[in-house]
């Protein structure tokens, strides 16, 4: 009883995560709904009159759609802005789905999880096969396995790594404890812990291979467009450049120039060339939009526009995100509702009302994230409400079980 505060803390962390996590589900619903059209709305820059929107042209169609169409984001968190009606509707739908899935408790949510856990593997394997067939996939996977030893001294890297492990395994959230309370007393917990950790490891490797294969394809496509553009510029400057500077490229077909040949030539002559001839760096391109919401809603969406049948792949990708998000939300909500039902017996007699009430409260508070400045609050909650508090909860759980309660007694 003296350590019950750890359980309450875990419940609070689950509540904070549920608030902003369902907003990400709402964004996925919005993109999923927009995937059933050709061309995709984030595939091309919109036109204003007879000219392309300047902001979109200077960034990219996917970035413009994300920040100006989907979020309609303000310039800073100080500017609240109005509610985004489309995101509000998607958030309401997301909370409704979660509420319906939680109505019958653990039995119904487990049945839903059978599909929501298996379906993403099917999609990931499809994306992996499709990605490996694209030019640039090998470079992306090579980049994935290339170690960067200089960042090992960065404390933030280790903090993010620890948080990722906790998120992936569900440690400190209370959902694992809530689900395990339904196991029989003689259940083999050692086997379950090993199985879950091993499957999570394989899943993480599979998902990472998919991400870097697709990002490698996207980066190679962008870099080759850069090379082609620069070769075109060289052909235009051929009359003013020294003949010994001009490479023996096929200027009639700029797209045939290999990246390695262009890079080697540029490094030898870059100080003698016009300033508008640039380096096309594959590694820098790989680093763009590979974390946070930028990975799913900017980098991945851009990569899918380059694939044949882009609406199909887009719909499949966001359907997978919805499945993963819903399964996470079911576990997170169980980590909130199960302790409340166990602590307050009156609530255990009104499970349906408790579930509906919790979802309504979550939706109303979640409206904060549907304002034009909502993206800033999502980032804030993600950085502070579910990272350091989660680590503290796990440390205290480990300390209390291992030393105060006793590891031998626990096992």
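From the backbone N, Cα and C atoms, a Cβ is placed for every residue, glycine too.
Summarising the annotation, TrEMBL assigns transmembrane segment to 12-32 (among others).
Annotation source TrEMBL lists transmembrane segment at 83-103 (among others).
Outside the transmembrane segment (112-133) by six or more residues, the chain places 101, 203, 206-207, 209-210, 213-214, 216-217, 307, 313, 316-317, 319-320, 323-324, 326-327, 330 with a CB less than 8 A from a CB of the stretch. According to TrEMBL, the feature transmembrane segment maps to 112-133 (among others).
For 161-182 (among others), the entry in TrEMBL reads transmembrane segment.
Positions annotated as transmembrane segment by TrEMBL: 194-215 (among others). Distant neighbours of the transmembrane segment (194-215): 121, 124-125, 127-128, 131-132, 134, 137, 140-141, 143-144, 168-169, 286, 290, 295, 299-300, 303; these residues of the same chain sit at least 6 beyond its ends, with a Cβ under 8 Å from one of its Cβ atoms.
TrEMBL lists 200, 324 with the feature Na(+) binding site. In the three-state DSSP scheme, residue 324 (Na(+) binding site) falls into the helix class.
Annotation source TrEMBL lists transmembrane segment at 312-333 (among others).
Through the fold, the transmembrane segment (354-372) approaches residues 15, 18-20, 22-23, 26, 71-74, 79-84, 87-88, 91-92, 95-96, 98-99, 102-103, 333, 336-337, 340-341, 347, 378 of its own chain, all at least 6 residues removed from its boundaries and within a Cβ separation under 8 Å. For 354-372 (among others), the entry in TrEMBL reads transmembrane segment.
The transmembrane segment feature in TrEMBL is assigned to 384-405 (among others). Only residues 6 or more beyond the boundaries of the transmembrane segment (384-405), in the same chain, are considered here, and those with a CB under 8 A from a CB of the stretch are 3, 6, 9-10, 12-13, 16-17, 20, 159-160, 162-163, 166-167, 171-173.
In the three-state DSSP scheme, residue 200 (Na(+) binding site) falls into the helix class.
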